[in-house]
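*Asks:* Pasting in a structure now, in structure tokens, and then I'll have a few things to ask.
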Amino acid sequence: MAAKIPTDALKELRVNEASKANGKAAKPVPAADDDEGHAEDSDDDADENGAANGTDGATGAAKKKKKRKPKKKKKNPTAQTEPPSVMVSQLFPNKSYPKGEEVEYKDENNYRTTNEEKRHLDNLNSEFLTDYREAAEIHRQVRQYAKKTIRPGQTLTDIAETIENGVRSLTGHSGLTEGDAMVAGMGFPCGLSLNHCAAHYTPNAGNKMVLQQDDVMKVDFGVHVNGRIVDSAFTVAFEPKYDNLLKAVQEATNAGIREAGIDARVGEIGGVIQETMESFEVEIDGTSYPVKSIRNLTGHNILPYSIHGTKAVPIVKSNDQTKMEEGDVFAIETFGSTGNGYVRDDMEVSHYAKNADIQHVDLRLSSAKALLSVINKNFGTLPFCRRYLDRLGQDKYLLGLNSLVNSGVVEAYPPLCDKKGSYTAQFEHTILIRPTVKEVISRGEDY
Ligand SMILES: [Co+2]
């Protein structure tokens, strides 16, 4: 889920305005060789994930021996179904979830990988790591199915519900009983943003929108286990004319991940992301466009039950000197655009979240009070969308919801769109800045 920089703050950060000027071609950067090397990392990781997936029947056999009753016991499933429905805790006994991609720190931080004290700190975090790895494995399995099955002709509503139901099934929490969605489930709504819209679009009730052959769709969804949110996104397109746009953004995101680490300054990371992104030029329907980083969207740190922490990771060069620190969790996400490289609020709001740092507010409207109680019990500060209120049986809540937004208790996250007719793409991973290594927790064979 993207974080947006307020316009005033953008000026203060003195972000690089070069790319803004009338579609001037961006400076080419000889990044190709470097990126080849990087791809190797993800391959290694993919093997690791693949191996961990190959659960054998050993546990099932052991159980049979112990219970010598004539009644046939249903064997534990050893593979995921299509659509996904099996809890990952059944597929990985004893919570042996696969690790993400572990990357050693560079230069003066390299000692950390083998350092005793840092390894001890890592061990103290085992529960945090287990929750994070479970959430990441759920993200991989659900998106794998989504990528395989998303086709033009499907409604956005069907696509969103398939992904969200998959996530809920794999966590084992339907979220239908009070408080259940807080234990594990959606970390934030499944965004399905088309073409010039970059982020925060998901259908509201009654939406009949159908995915088209010519569309470029950003699929951005979150999975949480005990409030540990994995935030990861990819872009789907069916026409090869968009391949280079997607490639630019995927490489930009990987460049950001590569630069991330302890003591890394976020403004400099933004500079590397921008250089990578803007080294691409794409041709779509006979017109060529420079790919621009969307300068008022950023990555962000993630806190328990809170998708947008206090640190931003810009995707253009900026003078933001904020450092990444041991223990931080970051969503590294980049957005490329053939348009202005700047987004505005547009269209009907679907995403909301309770404001984490708001104190008590006196609400006069009884419908607002009642709705706030539903939000507190079911989502806390986790983002939700209108469909999530519908499935809890809430109706006629818009007046109350708008009142909560106007009083500042709840924040609305409207869709963020570049200029009409442009195309935008997004890739995103969640990374853990562990004491010993950087773990790209949501890395998979796909991206
Ligand atoms: Co995000």
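Just so you know, glycine gets a Cβ as well, placed from its N, Cα and C.
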*Asks:* Going by the divalent metal cation 2 site in TrEMBL, where Asp231, His300, Glu333 are listed, which of the candidates Glu137, Glu411, Glu428 is also part of it?
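*Replies:* Candidate listed by TrEMBL for the same site: Glu428.
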*Asks:* TrEMBL has Asp231, Glu428 binding divalent metal cation 1. Which one of Asp220, Asp243 is in the same site?
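*Replies:* The one candidate that TrEMBL places in that divalent metal cation 1 site: Asp220.
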*Asks:* So if I take the binding-site residues (His200, Asp220, Asp231, His308, Glu333) and measure from each Cβ to the nearest atom of ligand 1, which come out below 6 Å?
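*Replies:* Listed by sequence, the hits are Asp231, Glu333.
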*Asks:* Counting across all protein chains present, how many other Cβ atoms fall within 10 Å of the Cβ of His300 (divalent metal cation 2 binding site)?
*Replies:* 24
*Asks:* Using a 10 Å cut-off between Cα atoms, which of these binding-site residues sit near His300 (divalent metal cation 2 binding site): His200, Asp220, His308, Glu428?
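*Replies:* Hits: His308.
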*Asks:* Around the divalent metal cation 2 site (Asp231, His300, Glu333, Glu428), what further same-chain residues have their C-beta within 8 angstroms of the site's C-beta centre?
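*Replies:* Neighbours found: Met1, Ala2, Ala3, Asp220, Ser232, Ala233, Gly299, Ile302, Phe330, Ala331, Ile332, His429, Thr430.
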*Asks:* Averaged across the domain 'Peptidase M24' (132-342), what pLDDT does the model get? Just tell me the whole number, please.
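*Replies:* Reported value for the domain 'Peptidase M24' (132-342) is a mean pLDDT of 98.
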